[in-house]
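Undergrad: Below you'll find the structure I mean.
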Amino acid sequence: MRYMYPTSTPAHRRVKESPLSSDAIFRQSHAGLFNLCIVVLVAVNSRLIIENIMKYGLLIRSGFWFSSRSLSDWPLLMCCFTLPLFPLGSFFVEKLAWNKCISKPLVISLHVLITTASILWPVFVILRCDSSVLSGLALMLFGCIVWLKLVSYVHTNYDIRALSNLAEKVPVYKVDLFHAGPTLCYQPTYPRSTCVRKGWVTRQALKLVIFTGVMGFIVEQYINPIVKNSQHPLKGNFLYAVERVLKLSVPTLYVWLCMFYCFFHLWLNILAELLRFGDREFYKDWWNAKTVEEYWRMWNMPVHKWMIRHIYLPCLRNGLPKGAAIVIAFLISAIFHELVIGVPCHLFKFWAFIGIMFQVPLVILTNYLQRKFKNNMVGNMIFWSFFSIFGQPMCVLLYYHDVMNRKVRASNG
């Protein structure tokens, strides 16, 4: 009957919402709009790249990758080779502890000495040498990773010994996979994959090289000229500083996203594949974070798991309230951010420390706004605004001008 009388067939049969209405927008697929955003983003940025090269020429220099000054960084390279000695020392201390050759207070004292020396040794070498910032940054990151792994190794073995009263208990102080693996949390065994996919590793390594080159291009072609033509954001004209921050926000965000992809997705997965390390959850969907707190819980899972296991939960077990435990976790994170950035720059203005501690009121504020608006889109936009538009470009400008001012004073002195 419907085909016999087509004009009389009802065209409106039930209540429906427009796909972009507030009641239906989150039930629809927006893959096409996402693809459109990618096409527009590629087109716009391609035009900007061509315009920039036509106006300024190719600014990439070989000195970005290697220079004669890099040869003066050999003390940092030697220091990097000595850092594995500290895990080896902890291993022998644990072996003596499991065999009950030394007392408990001596075990604790030796571990405190070894872990403290593991972080102070690279700091001493960097401050004594006039090395490049990039070399110092790499060494400090390696030193901090060694320190975090040592704390987890010592803390876990201490708990296991406290729970074990059997003399015939098999020791678990082995460190074969842990100190080389993409994790900061020690445990006797780890989930393992079945084999190493050599072709997959090759493809990921090629991506790593490409995206590292993209980062270098953006830094040399965009960020360096913007920063060199800027004033100190706290000492110049306010509107001019805001304009520089906003202009710097896009290339800084691109570099940060490339860095995240290169390190957390490509490098850690390559390392996990080569070592057959099974747990590949190095990050969660932090880009959907509705609050600053959600972001810090999802973007760096190795550090987050370490903080929960060795800082947050021990604080709660010792009777501290949840808020105090969170502040202590951010305090430790702020100290290490300052070490990683301030030591290679030979500068202690505590901008990184202040930036991380400023996350505490931001956590409170974004949690309040999320509860008030009860809208995931609003919370996510607020998070991106705080994080990418204002935070990172401001830190880049502050450290650049302070480092340049220090070098001028040193040359004049």
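Including glycine, each Cβ sits where the backbone N, Cα and C put it.
Okay, so TrEMBL annotates it like this:
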type	residues	note
TRANSMEM	33-54	transmembrane segment
TRANSMEM	74-93	transmembrane segment
TRANSMEM	105-127	transmembrane segment
TRANSMEM	133-151	transmembrane segment
TRANSMEM	205-223	transmembrane segment
TRANSMEM	253-275	transmembrane segment
TRANSMEM	323-344	transmembrane segment
ACT_SITE	His337	active site
TRANSMEM	350-369	transmembrane segment
TRANSMEM	381-400	transmembrane segment
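Give me the local environment of each listed feature.
TA: Within its own chain, the transmembrane segment (33-54) has Cβ neighbours under 8 Å at 221-222, counting only residues six or more beyond its boundaries.
Distant neighbours of the transmembrane segment (105-127): 75-76, 79-80, 82-83, 86, 89-90, 93, 96-97, 136, 139-140, 142-144, 146-147, 150-151, 154, 339, 343-344, 346; these residues of the same chain sit at least 6 beyond its ends, with a Cβ under 8 Å from one of its Cβ atoms.
Same-chain neighbours of the transmembrane segment (323-344): 119, 122-123, 126-127, 131, 133-137, 139-141, 144, 303, 307, 311-312, 315-316, 350-357, 359-360, 363, 399, counting only residues six or more beyond its ends whose CB sits under 8 Å from a CB of the stretch.
His337 (active site) counts 20 other C-beta atoms within 10 Å of its own C-beta, drawing on all protein chains shown.
Sequence-distant contacts of the transmembrane segment (350-369) (same chain, at least 6 residues past either end, Cβ-Cβ under 8 Å): 290-293, 296, 326-327, 330-331, 333-335, 337-338, 340-342, 378-379, 382-383, 386, 391, 395, 398-399, 402.
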